[in-house]
Amino acid sequence: MTQDEQKRAAAQAAIQYVPIGAVIGVGTGSTANYFIDELAKIKHKIEGAVASSEATAQRLHKHGIDVLDLNTVADLPVYVDGADEITKHLHMIKGGGGALTREKIVAAVARKFICITDQSKLVNILGSFPLPVEVIPMARSYVAREITLLGGHPALRQGFTTDNGNVILDIHGLQILNPVELETTLNQITGVITNGLFARKGANVLLLGTDAGVETITVG
Ligand SMILES: O=C[C@H](O)[C@H](O)[C@H](O)COP(=O)(O)O
């Protein structure tokens, strides 16, 4: 299977986790887009969706799926999204598309995070993929200096503004041995909105598209 076929297969497998009549949290990116295409096929069986980005909201609208304000949603049983890297402990790096903050908010509300990826995303140690950090623009230089003190090499994502009007610093050169600790440390730097480590609250289920089909990985 090609990488795209693996993504599509994982997205198709996620449909079994969608409860009838529920509101569904929907992630951002190429794999989440495959999931939206699948969700559209059963749109009359769900109440609607909460989007983790403007791009996802637009795609949901285009497919005729109602997009709800998260503040009006009492129960979000499931959030389905891709990842840039994921370990067998289901810790992730996300935010390659810059949607990390809204993704983390929707994931925080959801009872279950279903991660859908192709097999290239499964790694032993997080950090080969540069770790995105969303930063208030006026704090950009200060936050970059603080990240350097932690041993990372931050690079401003050129010409990019998040849906929240902020900038992204991508941290290169990290070997993330303790993702829970680093997630907390980075979030304590003044000016940081959040970072792309999803470790304190990781995924509950990984649906991994592979050459041999979709593998289901859970923790504990
Ligand atoms: O901001 C983007 C998101 O975190 C995506 O979930 C992540 O970048 C994976 O995207 P893709 O499915 O396109 O590889």
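Glycine is treated like the rest: Cβ placed from N, Cα and C.
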Self-check item: Listed in TrEMBL for the substrate site shared with Thr28, Gly29, Ser30, Thr31, Asp81, Gly82, Ala83, Asp84, Lys94, Gly95, Gly96, Gly97, one of Lys121, Lys201
Solution: Lys121
Self-check item: binding-site residues whose CB lies under 6 angstroms from ligand 1, from Asp81, Gly96, Lys121
Solution: Asp81, Gly96
Exercise. Around the recorded substrate site, report the further residues of that chain (criterion: Cβ within 8 Å of the mean position of the Cβ atoms of Thr28, Gly29, Ser30, Thr31, Asp81, Gly82, Ala83, Asp84, Lys94, Gly95, Gly96, Gly97, Lys121; site residues excluded), sequence-ordered.
Key: Gly27, Ala32, Ala99, Thr117
Quiz item: What whole-number distance in angstrom separates the two most remote CA atoms of the substrate-binding residues Thr28, Gly29, Ser30, Thr31, Asp81, Gly82, Ala83, Asp84, Lys94, Gly95, Gly96, Gly97, Lys121?
Solution: 15
